[in-house]
Amino acid sequence: QNVASRLRLSGLCFLLQILNILLFAVFVRYSTESSSSLCSPQLNCSRRNQDSGFQHSRFRDVHLQVLLGFGLLVAFLGRYGPGSVVISILIVSFAIQWAVLIQGFLYFFHNGKIYMGAPSMVSADFCTAAVLISTGAVLGRVNPVQMLLLALLEVILCALNEYILLSLMGVSDSGRSLTVHIFGAYFGLMVSRILHQPHMDKRRREDQQDTGHQPDVFAVVGTIYLWIFWPSFTSATTVHDNAEPWAVLNTYFSLVASTIATFIVSLVLYEESTPRMVQIQDATLAGAAVMGMAGEMLVTPFGALIAGFLAGLISLLGFRFFTPVLHFRLKIQDTCGVHNVHGIPGILGALLGTLLTLLATADAYGDRLELVFPLVAQGSRTAADQAFLQLCALPLTLLLATLGGCLTGAILKTKALRSPPDKGNLENTVLLEVTMEG
């Protein structure tokens, strides 16, 4: 069975890579500066291409965030941690290629070719981040073959959701509260619900506990990377000189406030002398997620502090009180707590962004209004119309994520894709042997 599992993973990787190579050969070409007008105006591609050096730097930061920030986030699992990091690298390697193709057909397709550059790579990294969030909800419960198929399907649905929101509806979501945090979290949660196996979940919960000092080391490194690179992640699509500093500063203020909230709530709920590094890492993510949509808007410094503080409180309270409800009442095993770290803060960020959109005026924003809300600045929409669409984007994203997660979970649950019962998890049996003391 072990040999068959290894060959199945190897064969699927081979087939998917050959498929990507063939599609790249037929469709993908490098773009030139003159092709900046090919993509959707809602993605601000023309502005992003004004400074290619800045864009490449931003891509580097976003890519590091996706690979290291999200990769180390899953390393806290005592038994599955090392294998989970390996799986994350596998997912990133495939999803970026696949996202360039799928998003290319939607945004960068012209005269039968996909013209890609730094903007398309940043968009692919965003989509990959959503996939990594989803895998955090099912980690330790699916094998690598299932993970790859999840990435294959989710990239398509994630790109479709992004296209509907950003291009067709003209929603402003620069830091991706909707298309990354909310979509990734609830897509993964629904996959987890469909894959629920009562006889296996109790044993897996015991296996997935933090078992030593090594996970804390991973959490320290992951938290540092989140602090350094997440402001770049939030501001990756707002690189105009007058726009980008707001997103960066709002994100930093939100991070510091959410971290303080961790020290307040953790010491009360868990009776610990200091919070664990995993809790600080989760609070950092929650504080960043809440600034996804609102980061480039007129949050103001004190508004960013309030939003981050609330996100940190809600995240920790969710782990303490709502996660047991997910596990035992709703039968959703959320391995990495993506509901509390990405889902709820993402919803809070979307609601905050909607409120700020309603209050957007030319007097408050000045020339910046055209960058954040171009259709409002042009007079095609009122601020109230834009706010209504921002609000409608939230249930639409939840609907697409829920339906997509159910469909993907049903496919992954087929007998041919499941791991042998006595093996449990192919992260250990295929990729890496993880020994346990005692």
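Including glycine, each Cβ sits where the backbone N, Cα and C put it.
Remember, TrEMBL labels are computer predictions, not curated facts.
In TrEMBL this protein carries:
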TRANSMEM  12-30  transmembrane segment
DOMAIN    54-413  domain 'Ammonium transporter AmtB-like'
TRANSMEM  62-78  transmembrane segment
TRANSMEM  85-109  transmembrane segment
TRANSMEM  121-140  transmembrane segment
TRANSMEM  147-166  transmembrane segment
TRANSMEM  178-196  transmembrane segment
TRANSMEM  217-239  transmembrane segment
TRANSMEM  251-270  transmembrane segment
TRANSMEM  282-299  transmembrane segment
TRANSMEM  305-323  transmembrane segment
TRANSMEM  344-366  transmembrane segment
TRANSMEM  386-412  transmembrane segment
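When Cβ distances are compared across the two stretches, the transmembrane segment (85-109) makes contact with the transmembrane segment (147-166), since 3 or more pairs at least 6 residues apart fall below 8 angstroms. Under 8 Å from some Cβ of the transmembrane segment (178-196) lie the Cβ atoms of residues 126-127, 129-138, 141-142, 150, 154, 157-158, 161-162, 165-166, 171, 289, 292-293, 326, 330-335, 338-339, 341-343, 345-347, 349-350, 393-394, 397-398, 400-402, 404-406, 408-410, 412-413, all in the same chain and six or more residues away from its ends. Counting residues 6+ beyond its ends, the transmembrane segment (386-412) has Cβ neighbours under 8 Å at 134, 142, 146, 149-150, 153-154, 157, 160-161, 164-165, 169-173, 178-179, 182-195, 293, 347, 350-351, 353-355, 357-358, 360, 373, 375-376 in the same chain. Sequence-remote contacts of a segment are chain residues at least 6 beyond its ends whose Cβ falls under 8 Å from one of its Cβ atoms, and for the transmembrane segment (12-30) they are 90, 94, 97-98, 100-101, 104-105, 109, 112-117, 145, 148-149, 152. Within the same chain, the transmembrane segment (217-239) packs against the transmembrane segment (282-299): three or more Cβ pairs sit under 8 Å, each pair at least 6 residues apart. Contacts between the transmembrane segment (305-323) and the transmembrane segment (251-270): present, as 3 or more C-beta pairs lie under 8 angstroms, all at sequence separation of six or more. Listed as Cβ neighbours of the transmembrane segment (282-299) (distance under 8 Å, sequence separation of 6 or more from its ends, same chain) are residues 73, 172-178, 180-181, 223, 226-227, 230, 233-235, 238, 243, 246-247, 250-251, 254-259, 261-262, 307-308, 310-312, 314-316, 319, 337, 340-342, 344-346, 348-350, 352-353, 356-357, 359-360, 364-365, 371-372, 390.
Across the domain 'Ammonium transporter AmtB-like' (54-413), mean pLDDT in this model comes to 84.
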